[in-house]
Each structure stands twice: as structure tokens, then as C-alpha cells.
Amino acid sequence: MTMAAILWAVDAPFRKYLTGELSSTAIVFMEHILIAILVLPIFLPRIKELKNLSQREWWSVIFIGFGGSALATVLFTQSFYYLNPTVAILLQKLQPLIAILLAFTILGEGLSKNFWKWAIVAIFGAYIISFPGLKPEGLAFDANMLGVILALGAAFFWGGSTVFGRFVLDKVSFQMMTSLRFLSALVFLFLMNIYYKTLPQLSQASGKDWFFVFMTAVIAGFVSLMIYYYGLRSTKASIATLCELAFPFAAVIVNWIFLGATLVPMQIVGGVILLFAITRLSIVNETDISEKAVEAEARTV
């Protein structure tokens, strides 16, 4: 799952360029058109899995498709227009707070003392990466506030999708979940582009625009989500979202190299803390699963 989070970071240079050429709704719709072509061969052979979904799980699919794939990506892309892409990406560190709360209230996931310890360390590391001066100076400028709000909106929907994705994965394969996410989002994005009258931009986009969209769609969209849902099958939603904090750390490096964003020493320190905490969280997860397996076996004896 950490690998999927890192792949998400490589699309920032492409996405930043595209926001200067096209509207965010058109960009994300173009991405989902390409991804839909890729997921259809995966979706059709598994279409019988849909009968396993109850009404409550279908509502989860709608939240994931509309919120986590369509709206969150539009909000995130639009934030690049108003805000430094690195700041917009690093604000995604707030996803764990959202997902942990939802995982506790909706999935009933219990959290051990070790989880909280390493969760706090991971969030602290992400905070240092975001604000190396240990205070959110960049948020003091009113000109950035709209971009911040958009980025936080994306964090909410992506954090929630982690929880609802785990809920749906109890009934369908991760391949079907990935397909449902993108195909349902395609419908919502089509309606959004009709409403905002941005459909003509698809025919006006240049070959370079389509190539950059292809890069973001395939690398940061299709491939990363397949890896993500594969890992989510055996990972608690709360821990899964914390693993996604590798995304902002990788984004700092990518944006430094390709967009000229600087990486100060304190951000490096924060990155080391974050990666160490994620490693420890993985160990906590494996230990928790092993202990539950032992308890289950003991009850059957």
C-alpha cells in the first residue's frame, strides 16, 4: 500500500501543467475515460459479483465513486491552481484523522495502544514535512485559503473512501472495487462537465495534454489503485490511511526535482520519522492479525 501511495506522487508535475491548459473537471474526466477503457476488461468477467452488494454497500460505492474518485480528484487538481502543489499534497496528511474516526464509528475497528503511539509519531512526521518551521506560516495568506479548502475537501473524501472501500471489499474482489470506483466516477464526471459546460475542452485538448492525462491516469490512477485495493484486503482502514502518508513525503521529493520546490533539512527529518512510523505500524498490523488468528484457533480447540 505504501508503494501505491508513492505512485500517486509522480503525477504532480503533469497535473500542475494541465491546470494551466484545462479546467479541473475536464482533466479528471479525461483521466477517467482512459481508465474506464482499462478497467472494462476487468469489470465485465466479474460482473456477477455485483449481486453480493446490499443497498448499504451500494451507497458506499456511490460515496467512493462520487466523493473519493470524482469530486476529491477535481478538488485536489483545482487546488494546484491556487496553491503550491507541494502544500496541497502535504495537506493530505489529515486523511488519517478522518479515516480513523470513520473506521471506529462505521467499521467498529478497535485501536491498540501501540497503534496510537505510532499514529501520533507518523502524524508528527507529516506535520514537520508540511511545516518545517513548526507553524503553518503558509496558511496565513488569504490568497492561499481557497486552495487550502479545496485540498482539505479532497482529504476528507479520500480518507472516507479508505473506510468505505474496506467495507465493500468484504463482498467483492479488489479488481471489482477498482473497476466500480472509476466507472461510477465516470458517470458523475460526465454530469459535472455538462453542468459546467466544459465538455468542449476534450476536443480542444492538444496531443501533449492527452499524453500528460494518460500519464496521470495510468500511473497515479489505474496502477496505483490496483495495488492499493490489493493491499487493503488484509489491512485495517485506519492503518491503510496512515500508510498513505508516504504519498506526501514522496511528493515533496518529486516536486523538488521537477517543479523546483525546495526540501529543507527539517522536511528530511520529518520524512525519516514518517517512514519509520509507517514501518512500525505495519508490524503492529501483522502482530494484531496474528494474535487474532491464534485466539480464533484457540476457541476452536
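Cβ atoms here come from the backbone N, Cα and C positions, even for glycine.
As written in TrEMBL, here are the features:
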| type | residues | note |
| --- | --- | --- |
| DOMAIN | 3-130 | domain 'EamA' |
| TRANSMEM | 26-46 | transmembrane segment |
| TRANSMEM | 58-81 | transmembrane segment |
| TRANSMEM | 87-108 | transmembrane segment |
| TRANSMEM | 115-134 | transmembrane segment |
| DOMAIN | 146-279 | domain 'EamA' |
| TRANSMEM | 146-168 | transmembrane segment |
| TRANSMEM | 180-198 | transmembrane segment |
| TRANSMEM | 210-230 | transmembrane segment |
| TRANSMEM | 237-258 | transmembrane segment |
| TRANSMEM | 264-283 | transmembrane segment |
Distant-in-sequence neighbours of the transmembrane segment (180-198), which means Cβ under 8 A and at least six residues beyond its ends: 23, 25-26, 28-29, 32-33, 35-36, 39-40, 43, 61-62, 64-66, 68-71, 73-74, 161, 165, 168, 172, 221-222, 225
What does DSSP give as the helix, strand and coil breakdown of the domain 'EamA' (146-279)? 112 helix, 0 strand, 22 coil
What is the pLDDT of the domain 'EamA' (146-279) when averaged and given as a whole number? 84
